[in-house]
Every structure is written in structure tokens, then in C-alpha cells.
């Protein structure tokens, strides 16, 4: 009886998922058949005017850090909140990572990789507005360094190199600096997070110090994301 | 209707099925991440136009894909990462308290 009941329950769940799939199929069919002109009205503006207005050749960066920097502020707040909740939920009692049974060849390779990772992260951060890349990607690449140190050596070693308080400080600098850069737009009589519209030096497109505030905002976001992810990883892995 | 949309639906429903039927908490977290990745794929598809290149203006490229869904995909990735981290922290807490990850057993233990 109970086995029949269970089988019926499973069938019911499968049916639920299949119904949902059919619903999505119709929904996507409608999305696909949307009038393409009305769909791209806003993005046409970004594509045609974005370079003149913000000075950034990477349009995703111009959308993220100029037109819709408010969204990015929300994302940064998400990471800050996640790191805070983790520090609250997973109070560090013991730092017992597995006893690093890696062969020495792994350790030596990690030593060699880390400088390249640092250079790659810095490149992605600084050139985020003229090439594929940006604050989030650069921050993630930079956060790989403490994560690699944690995995190959130990939590203790990783936290001896990058102290938790320092990581928290870097994250806070990123968050506060981001908001302060946004306030610069208000000081010049424009709106919050305006950079291109507030006539900050948009410069020649393609140079490093161009595109108004976007490179600096990129840097702040990168610091924030890198430190935040490193904090999250270390607090998750510390629990025994 | 193109094939990529069908892939999105399959991924989404796989994730939903995992969330609904599995008993292990870690497997439920994995299901949530599968759903997230299907959403990112959907965002990419909405902004895609045939023959478009990446939205980085360079000489010689006239047709670029929509930059807004890509920015939104970045938002999705960041929020997904944060949510996954918080969920894993909660799983750690649950395991510490009940010494098991099975939902049914946790329900039984609570009485």
C-alpha cells in the first residue's frame, strides 16, 4: 500500500514538472515571436550612443557601471550580505582543513601559477571598460589566489598570508568607495552614479584612463568581489 | 522555436525535478544551481541576434548582440553565488544539529 502510494507520489511530481515544461514551452514561444523592433528599443540606444556618452568600448561595462550602476550597487550589497550572514551562521570554531596530502609537485605548481593569476586579475580589472572583462571577473580571478592557497597548503597558511581582518577591510573599502564614487555624480549636479552624463572626462575611447568613472568603479567592485568571495570560501571550508 | 530554448527548458525542468524529488539537502542545492544556469542561458538567448558579435565596439563590427541581458546575466551569477553560499552555510548548520542531511530523517527527528 505504502509502496503504491510512494510510486503515485513520484508520478505526481514528474507530472508536475512536465506540466511546467509545457507552460515554459508556450512562454518561450511567445518570447521568441516578440516583435524584434520593440524588443531592442532600449539596447539600440545603448549600442549607438553608448560609446559617445560613456567612452567605454565594452558596452556591458557601460551598462553595468554607468547606465545601471544602481543594479550593480545592489549586487555588491548581495555579496556583502552573504559574507556577513556566513560569518554569522558559521562561527569559526576550528580551522581543520584536511592535512594537505598533495604531492610537492602540486605545491610548486601553485607557487608558479599565483603571480600569473595576480597579473591576469589586475589586467581584467584595469581594462574592464575596453575589453572583455570587468570588476566582477577580475575580482573572481583575484579571489582564486587565497582559495588555491587554502586548498593546497592549509587554512592557517592562507589566513597567515591574507588575514581575515584585512580581507574584511578590503571589502569595506570597495563598498564605501563605490558609494562615494557614486556621490561624485551628485556633487557635479547630476544624478547618483552618473559618469558620462556628468561630463567626467570620457577621453579617447580605448585608453586606460578614459570612460569617466568606469575604471575606478571597476576597481572598487573588483576589490569587493575578490575579498567577499575569499571570505565566503574560507568561512565555508573552515567548519569541520 | 529553436533548439537552444528547448535546452533551457530541459535544464530548468531537470533542476526543478531535482529540487522536488531529492531528499539530500546538498542535492537540492545542486538543483537550485542547475536552475540558475538555465536562467543565465535564457538571458543569453533573449539578447542574441544571428550574426552578432560580443558587445565590445571595435572597428569593423557593425552588428553586436544586446548588452542588457549580458549585464543582467552578471547580476544573476553574482546573486546566485551569494545565495548558494548562504544555502551551504545553512546546510552546515543543519548537519551540525541533526547529524544527517536527509529531509525525511530530519522531519522524523523533530517528532
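These residue numbers are counts, starting from 1, taken along the chain as shown.
Quick reminder: no glycine exception, Cβ is built from N, Cα and C everywhere.
Worth saying up front: this structure is predicted, and the values here are computed from it rather than measured.
As annotated in TrEMBL, transmembrane segment covers the listed stretch A:175-193 rather than the other ranges in A:156-174, A:175-193. The transmembrane segment (A:113-130) makes no contact with the transmembrane segment (A:175-193), as judged by fewer than three Cβ pairs under 8 Å among residues 6 or more apart in sequence. Look at the domain 'Na+/H+ antiporter MnhB subunit-related protein' (A:105-229): DSSP puts its residues at 87 helix, 0 strand, 38 coil.
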